[in-house]
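Have a look at the structure below before the remarks.
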């Protein structure tokens, strides 16, 4: 056995031992939580332990397929492989909002679009959709993905059907929609400009609205039907766009929505309100309360740069409603990285890029993904002139991709640091020890 192999085996044994010790500890569950005990706070969705960091676990068993699904999954092997990496076992809940679920949705859209070239239909019937979704889940699990994607991403067999959209026939679709206008707007999008100008998104909305009007029965609120028709429009687009750009386009459109919303759940703020009011008379107590509160947020999920800005704005606005007028983000040195899952300590906070990105598999190091470990951007305190954290009118400049810091090692081009599975394995053990 080589020295490297000995090291890997020893490390794996240490990790497993630490995990077992943590389970046998007499420490009460409440002691794992931050100082604040929220009334309705979510339990941190963290797996107990990751697979061996150096030798990633893959379910090598052949998936048991139904044989009743007509979709050609083998024609989308690369897409499915990327999806399995983005939804890798224990990391799927942590990457769900930014990587896993958007990639899974794009994969389903593209596969259904490809199938329409043979069937002339942009949706499956209910029976087939159940078999096909089950088969895809089996294939993904066989490649290392989580077996709980239906819950993590709220994916149901109805997502493969037309749902309430009245048009699924390709010929009928093309005779109803201004396809030239749709293609012109979506043929080649800039992922940054599109989120502000919304040219492609508006074209998709127009097309979805047009085909939704073909329904025989009218609805008081047509928004659900239009959303269902948007899925049909995206499947048609997947057949017309350059194959090398389809995934990037769909992921780019998804990221426009992702970056507009803070995915964190904010528990009550009684401790902060009690310690940070009265013109900040007790700065030490205030910052201790803020640190305790933020430590709870740090156990929820990984988020992007722009989501962190949304979260900072949301939290700051809530604090202002408690009559906290001082910029306690500045006083207590709260940065944007403090709103995301932490890796060991606050200096290693992980903010994902605001542009679409994928996890990468390496046979030696396992699963890695790009984290912004270099940009220490202070969390902005909301001002009266800033009514909202608009994606296009951010109060601070945030790089779409991580910027290189001279004080940190350049492990890859452009100073991008890859956070490998080993680091997160250690994090998970520390959180539970």
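Glycine is treated like the rest: Cβ placed from N, Cα and C.
Here is what Swiss-Prot says about this protein:
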SIGNAL    1-26  signal peptide
CARBOHYD  59  N-linked glycosylation site
CARBOHYD  72  N-linked glycosylation site
CARBOHYD  125  N-linked glycosylation site
CARBOHYD  159  N-linked glycosylation site
CARBOHYD  210  N-linked glycosylation site
CARBOHYD  275  N-linked glycosylation site
CARBOHYD  282  N-linked glycosylation site
CARBOHYD  323  N-linked glycosylation site
LIPID     405  GPI-anchor amidated alanine
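Between the CA atoms of residue 282 (N-linked glycosylation site) and residue 210 (N-linked glycosylation site) there is a gap of 59 Å, rounded to the nearest whole number. Annotation for the glycosylation sites 72, 159, 210, 282: lowest Cβ count within 10 Å of the residue's own Cβ, 72. Reported as a whole number, the C-alpha separation between residue 323 (N-linked glycosylation site) and residue 210 (N-linked glycosylation site) equals 48 Å. Residue environment of residue 275 (N-linked glycosylation site) contains 22 other Cβ atoms, counted within 10 Å of its Cβ in all protein chains. Counting only same-chain residues six or more apart in sequence, the Cβ atoms lying under 8 angstroms from the Cβ of residue 125 (N-linked glycosylation site) belong to 161. The glycosylation sites recorded for this entry are 72, 210, 275, and the Cα of 72 lies nearest to that of residue 159 (N-linked glycosylation site). Residue 72 (N-linked glycosylation site) sits 30 Å from residue 210 (N-linked glycosylation site), taking the C-alpha atoms as the reference points.
In the shown protein chains, 10 other C-beta atoms lie within 10 A of the C-beta of residue 323 (N-linked glycosylation site). In this structure, the C-alpha atom of residue 210 (N-linked glycosylation site) lies 55 angstrom from that of residue 275 (N-linked glycosylation site).
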